[in-house]
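Under the heading domain 'G-protein coupled receptors family 1 profile', TrEMBL lists 43-292. Taken from TrEMBL, the feature transmembrane segment covers 29-50, 62-80, 100-122, 142-166, 202-227, 239-261, 273-294.
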Amino acid sequence: MSSSEGNRSSRPTFILLGFSEYPGLQVPLFLIFLSIYAVTVVGNLGMIIIIKINPKLHTIMYFFLSHLSFVDCCYSTVVTPKLLENRVVKEKTISFSGCIMQFSFACIFAVTETFMLAAMVYDHFVAVCNPLLYTTIMSQKLCVLLVAGSYTWGLVCSLTLSYFLLALSYGESNIINNFICDHSVIVSVSCSDPHISQMLCFIIAVFNEVSSLIIIIVSSVFTFITVMRMPSASGCQRTFSTCASHLTTITIFHGTILFLYCAPSPKTSWLSVKVASVFYTVVIPLLNPLIYSLRNRDVKNTFRKLVVTKSLWHSI
């Protein structure tokens, strides 16, 4: 048997340390993460349902937002159930295949969200700066291509990085000092040289961040200039409100990604990495539906109608 075949046949079972160094916090953390996950799933699925049933929301912006909600719901579901399980079980383990699968799906949804947010900002830029040509530029075909392209590129990045992770050798060191099978922690337990895999991850992360942020920054600057020239105060305020929703989501998401992947520092503690990982895998999927729903009158009105209809149905 060759050494590569031997390595593949002896894949380790990983131990996810997570926050196990704080035994007194396991139950509170479980309750917090469970609450966040429940609100995340209900919020994102609720957003998709509201967009589906309200004809006023059958617009391009909400087409992107419904996919963003779907991605957030899937992203949280990939990570949080295992995080919850490891708060209550004694053996905090995950199989090698399970670990690679978790990373693969998390990578797909993270990359997809990166470019979905950029597409939403570009859509808003076209709506503000070229309102007369909006329907021509943002055609249904282009929107479908942007969404399909985001999913496809996420899949390509995931398969590429996963392939190079599978090419590494893994020995007796099987302790992962995190709650999620992230690329950095998987290569940290490898017993072969992970330089190529690490460089590839860094290049992909930088490319995704730079390309998406160029679209976001350029679109936002031109949108801001156009808004400042608007004679109508109400139109200006409404446009700024939408911009604020986009920029809040983007700042939180990209700030965390830049901290974790594009600005690595040997001084960064594992606790900081864990907290940042919690933020972008658990908290951000919760924030997106809240940010967009709380700032949108049509979404809030549709939600109220659903609540009233449900209450009347139960009273009959």
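Keep in mind that glycine also has a Cβ here, set from the backbone N, Cα and C atoms.
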Sequence-remote partners of the transmembrane segment (100-122) [C-beta within less than 8 Å, at least six residues beyond its ends]: 61, 64-65, 67-68, 71-72, 74-75, 78-79, 82, 94, 143, 146-147, 149-151, 153-155, 157-159, 161-162, 165-166, 180-183, 186, 208-209, 211-213, 215-216, 219-220, 246, 249-250, 253-254, 257, 280-281
Of 62-80, 142-166, 202-227, whichever stretch has the most CB pairs under 8 A to the transmembrane segment (29-50): 62-80
